[in-house]
Amino acid sequence: MRWADLLVFCPVASYQLVALPFAILFHHLCASWCLSPTARYIFLLTGGCLLASTSAGGYAMLLFIPAATSVFILLFASQARVHSWAFSFQMSWQTLCHLGLRNSQDTRSAVVLSAVMLLTQKVTSLALDVHEGTVKLRPSQGILQQALPLCSYLLFFPALLGGPLCSFSRFQAQIKLPLTSHRPLGVTSWRCLCALALLVLRAGLQTSLATMQGCAHLGCIWTQALLFKLAYYSQWMLDEALLEAAGLGPGTGQGDLSGSDLWVLETSNRVSVFARTWNKSTSRWLRRLIFQRCPVQPLLATFAFSAWWHGLQPGQLFGFLCWAIMLEADYRIHPFLRAWATSCGAKLLYYSATWLSTQLIISYILVAIETESFSKLHQLWASSSSILPLSYSLALLLLLTRKVKQN
């Protein structure tokens, strides 16, 4: 099997590997030549424009236009309105991109959609910082001097196609920090090796899935979900390896995936724990943007917005709605079950049963989210795999009814 075949599942991964030497070069120049902050901004912005043009071709304009417009909004909108203007424009633009490129078979469209979604995270996060007053964008400087850091932050190449969300304040601090020595590449190399190992494992499992086309029982669902998870895990490791190589790595616990996170995800017996650990920077962004700001049904609103942000495909609408219901059930079912698990044997049975149910429910949700057609979604819904989510939903209704009667 050729190495190129291992990257077919996600074109973003191949471009991240291509960008890796340039990230190392950037860090080398910063450490050896002590580049000024302005030179660093220009290097990162130029690299981002080149990476976008190379990976997305003509579709790159779908990224450059909202980036330039967002910078204009950030610089000229009032502090009270900047977040609403930036949020409305960016989500409207992203929705149009999703609708316009929905049936495209060109891999470049998938690359640019990924970049636009990440741009939305940066724009809304920065706009919220400005709105709350934690970031000031109106110092006594010229427009170009103010615009350069913003453009560089929105388009810097190590986090253009992937990577955990980094705040504008942290980005500025890292750029201004003088680097006097080379950053060890041990962490970067280790992450790349782990990512490639996961890619090889996924490629091996892909052959077994080829014989399960149209299959929707629990074993098939678990296998399909495992392939999706391996794809995400390897991509997140490559994303963070690229940032580490450039010396712009996330803070402790701020990344999307660590070794301990991988262990938590695969051994968790709680849907809520899995949800908090899965893609952590996006979870934190959704919590700040929607959950903490929504006065009514914040959990449902957060997952509804997540479906919108991901593209509003039929499977995404169903999958994120199902995830919200399963999460609500998780908060109520586990305290009830723990009250009955008093002996060691009962606790072991409780953990084993809830671990299995959690992994199967998450597998069901992931497969649903990745389903793009109504026919396949109906096939999934009508299969025996729906028994467990339906059971959780029924348990949620019974516990809610019980609580109402007690009150």
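Note that Cβ sites are derived from N, Cα and C of the backbone, with glycine treated the same way.
What TrEMBL records for 6-26 (among others) is transmembrane segment.
Counting residues 6+ beyond its ends, the transmembrane segment (59-77) has Cβ neighbours under 8 Å at 49, 52-53, 85-86, 89-90, 93-94, 97, 101, 106, 108-109, 111-112, 115-116, 119, 123, 126-127, 130, 137, 143, 146-147, 150-151, 154-155 in the same chain. Residues or ranges marked as transmembrane segment in TrEMBL: 59-77 (among others).
Residues 218, 221-222, 224-226, 228-229, 266-271, 274, 310, 315-316, 318-320, 322-323, 326, 334, 337-338, 340-341, 377, 380, 385-386, 388-389, 392 of the same chain lie 6 or more positions beyond the ends of the transmembrane segment (348-369) yet place their CB under 8 Å from a CB of it. Per TrEMBL, the feature transmembrane segment maps to 348-369 (among others).
Here TrEMBL flags 381-400 (among others) as transmembrane segment. Beyond its flanks by at least six residues, the transmembrane segment (381-400) meets 216-218, 221, 318, 322, 325-326, 328-330, 332-333, 336, 357, 360-361, 364 of its own chain at Cβ-Cβ distances under 8 Å.
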